[in-house]
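Per TrEMBL, the feature domain 'Cytidyltransferase-like' maps to 5-133. Annotated substrate binding site per TrEMBL: Ser9, Lys41, Ser73, Arg87, in sequence order. Per TrEMBL, ATP binding site is recorded for Ser9, Phe10, His17, Gly88, Leu89, Arg90, Glu98, Tyr123, Ala124, Tyr125, Leu126, Ser127, Ser128, Thr129. For His17, the entry in TrEMBL reads site 'Transition state stabilizer'.
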Amino acid sequence: MAIAVYPGSFDPVTYGHLDIIQRSGKLFDKVIVGVLHNYAKSPLFSVEERVNILEKVTQGMPNIEIRPFSGLSVEFVHECGANVIVRGLRAITDFEYELQMAQTNRVLAPDVDTVFLTTSLEYAYLSSTTVKEVASFDGDISKFLPPFVAEEVKKRLQGGHKSGK
Ligand code: PNS
């Protein structure tokens, strides 16, 4: 069985991420979306909240599983019994960082390969960071992420607090 891992922060998940999840689900028998418990950053949603949100928006996608992880992506990939990392590439600006990450991961774990999917054109500009910025100024984020997620972002920003996890 060909298992791939799609690691990321998903804070919050956008239509761009969902595009990569859906398309990788067609390429692999199973895709495990790894949600990073990122201690260094101060995310809008805790890792548990991000996992719950992702589970809701991927309901009905039979070969997609959502799991939290901390530490190195390649170690998580091994724990999952996988040897492929999926990442989305939006533009040339992503390339340098993604190449560096893929090459580092390959030195750490030569059995793990990174497969890049180019983001669909309609989502090529989209990032979780810009979504949060637009939302923080009360802008319309409905074109960027599913209605349920947009509501969660608005509620969290209205609450005026971050998860801190
Ligand atoms: O959604 P993001 O924030 O672009 O995802 C980045 C992620 C989670 C893939 C990356 O930060 C990562 O793999 N972090 C885990 C730590 C790690 O393995 N670092 C080595 C790769 S340079």
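One-based numbering along the chain as shown.
Even glycines carry a Cβ here, placed using N, Cα and C.
Automatic, uncurated: that is what TrEMBL annotation is.
Annotated features taken from TrEMBL, shown on the structure.
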residue	record	DSSP class
Ser9	substrate binding site	coil
His17	ATP binding site	helix
Lys41	substrate binding site	coil
Ser73	substrate binding site	helix
Arg87	substrate binding site	strand
Glu98	ATP binding site	helix
Ala124	ATP binding site	coil
Run through the Cβ atoms and count how many others sit within 10 Å of the one on Ser128 (ATP binding site).
21
Let me check the 10 A CB neighbour count of His17 (ATP binding site). How many other CB atoms are there?
25
Which of the binding-site residues listed here (Ser9, Lys41, Ser73, Arg87) have a Cα atom within 10 Å of the Cα of Glu98 (ATP binding site)?
Arg87
Near ligand 1, which of the binding-site residues show up if the criterion is a Cβ under 6 Å from one of its atoms? Options: Ser9, His17, Ser73, Arg87.
Ser9, Ser73
With Cβ-Cβ distance below 8 Å and at least 6 positions apart along the chain, what are the contacts of Lys41 (substrate binding site)? List them in sequence order.
Ser9, Asp11
List of residues, in chain order, with Cβ under 8 A from that of Arg87 (substrate binding site) and at least 6 apart:
Tyr6, Pro7, Gly8, Ile20, Glu98, Met101, Ala102, Thr114, Val115, Phe116, Leu117
So among the binding-site residues Ser9, Ser73, who's got the most Cβ atoms within 10 Å?
Ser73
Do you know offhand how many angstrom separate Ser73 (substrate binding site) and Ala124 (ATP binding site) by C-alpha?
24
Which same-chain residues, if any, lie at least 6 apart from Ala124 (ATP binding site) yet have Cβ under 8 Å of it:
Gly16, Arg90, Ala91
So if I measure Cβ to Cβ from Leu89 (ATP binding site) and keep only same-chain residues at least 6 apart in sequence, which ones fall under 8 Å?
Phe95, Glu98, Phe116, Leu117, Thr118, Thr119
Just name the winner among Glu98, Leu126 (the binding-site residues) by count of other CB atoms within 10 A of its CB.
Leu126
